[in-house]
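J.: Under the heading Zn(2+) 1 binding site, Swiss-Prot lists Cys152, Cys155, Cys205, Cys208, citing sequence analysis as support. Residues or ranges marked as Zn(2+) 2 binding site in Swiss-Prot (evidence: sequence analysis): Cys169, Cys172, Cys191, Cys194. Under the heading domain 'J', Swiss-Prot lists 5-70, citing sequence analysis as support. Swiss-Prot lists 152-159, 169-176, 191-198, 205-212 with the feature repeat 'CXXCXGXG motif'. Residues annotated as zinc finger in Swiss-Prot: 139-217.
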Amino acid sequence: MAKRDYYEVLGVERGSSEADLKKAYRRLAMKHHPDRNPDDKASEEMFKEANEAYEVLSDASKRAAYDQYGHAGVDPSMGGGGGFGGGAGGANFSDIFGDVFSDFFGGGRGGGGGGRGGAQRGSDLRYTLELNLEEAVRGTTVNIRVPTLVNCKPCDGSGAKKGSSPVTCPTCGGIGQVRMQQGFFSVQQTCPRCHGHGKIISDPCDSCHGEGRVEESKTLSVKVPPGVDTGDRIRLSGEGEAGAQGGPTGDLYVVINVREHAIFQRDGKHLFCEVPISFTDAALGGELEVPTLDGRVKLKIPEGTQTGKQFRLRGKGVAPVRGGGAGDLMCRVAVETPVNLSKRQRELLEEFRTSLENDESHSPKASGWFEGVKRFFGDL
């Protein structure tokens, strides 16, 4: 069966750029990859066809030969040169398939694990710091103890016993990866001998057993700025795990969690609290002390105050950590009904109730409520 034109296979024009070729090939590889189409012979053939087309068109010399002579210019069976051996002059599919595999499995090829040999950055650490509301609002300094990995002192992080040193891996030549030939294309894999490090330790350190790092807990002083809230993070640069083979140390992220307060609730820069008052103070008005984070302040209660009435104390909230003026303290009134009354108190309340009978002028909502009840039952 005659071969299709390589440009047609990839769905591109003859003058397409290298970037366009790569984009087209990647799209086809994603669509027809065997991992996505198991037992689908048609997709398998399309996948192979796309591989063959891209290997030729991504190589400048092969592309020039193909453009001039067609398939005969690149197919040795037809008298052409080159072929599809995937040798030194062949196309390198590893970069493309790094992206393809990333899309398959949700991650790239980078990171602290494998990758190319040599120094590797240490992992970042996370520490949850519990604070009370006062500490979060005012700021504080806290000492924390964090388990981590540090460089082994006897071998100075090399992993090799004192007097010896790691040697270059003969399998990968210190790169940390090896090229594997798979059909028409080649991919790079982590070296199975050095596990991606590029070095081999023949005489490992007795303290770290060749790892170059050991577990240790260290105490750190964390300065918490005023105004932090739950979810805020403080970054301590260079306080994460030590890097492998002399790589840079990771960072430590201290994540703030503010505990619930017995009196105040926080919403951003504003605070809220409930203030209980007697029904006599609510009816007659008065003055009472309410708590704030700065101490007690006096709050004037007008006569006839109802449950749910909210009073705003400006500037008595929280000054945000990222700047700006302090929020407010919102005090919600809750009128308390007296209990455990004495005989005299009951008598006085009975007299008071009698004096209010048939007089709705003293109730701010009664008339409207009773009218609503009448309409409700009238509609039934």
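Using the three backbone atoms N, Cα and C, a Cβ is placed for every residue, glycine included.
Context for these features, please: burial, neighbours, distances.
T.: In the three-state DSSP assignment, the secondary structure recorded for Cys152 (Zn(2+) 1 binding site) is coil. The number of other Cβ atoms within 10 Å of the Cβ belonging to Cys152 (Zn(2+) 1 binding site), over all protein chains shown, comes to 22.
Under the DSSP three-state reduction, Cys169 (Zn(2+) 2 binding site) is assigned to coil, being neither helix nor strand.
Under DSSP, the residues of the domain 'J' (5-70) split into helix, strand and coil as follows: 48 helix, 0 strand, 18 coil.
Below 8 angstroms of C-beta separation, residues 165-166, 201, 204-208, 210-214, 242, 245-246 of the same chain, each at least six residues beyond the ends of the repeat 'CXXCXGXG motif' (152-159), sit close to that stretch.
The list of residues near the repeat 'CXXCXGXG motif' (205-212) in space but at least 6 beyond its ends in sequence, with Cβ under 8 angstroms from a Cβ of it, reads 151-155, 157-162, 244-245.
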J.: Quick one: which residues besides Cys152, Cys155, Cys205, Cys208 have a Cβ within 8 Å of the Zn(2+) 1 site's Cβ centroid, in sequence order?
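T.: Here the non-site neighbours turn out to be Lys153, Pro154, Asp156, Gly157, Ser158, Gly159, Ala160, Lys161, Pro204, Asp206, Ser207, His209, Gly210, Glu211, Gly212, Arg213, Val214.
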J.: Enumerate same-chain residues with a sequence separation of six or more from Cys155 (Zn(2+) 1 binding site) and a Cβ-Cβ distance below 8 A; give 'none' if the list is empty.
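T.: For Cys155 (Zn(2+) 1 binding site), the qualifying residues are Lys161, Lys162, Cys205, Ser207, Cys208, Gly212.
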J.: Taking only the Cα atoms, work out how far Cys169 (Zn(2+) 2 binding site) lies from Cys152 (Zn(2+) 1 binding site), in Å, as a whole number.
T.: 22
J.: Under DSSP, the repeat 'CXXCXGXG motif' (205-212) has how many residues in helix, strand and coil?
T.: 0 helix, 0 strand, 8 coil
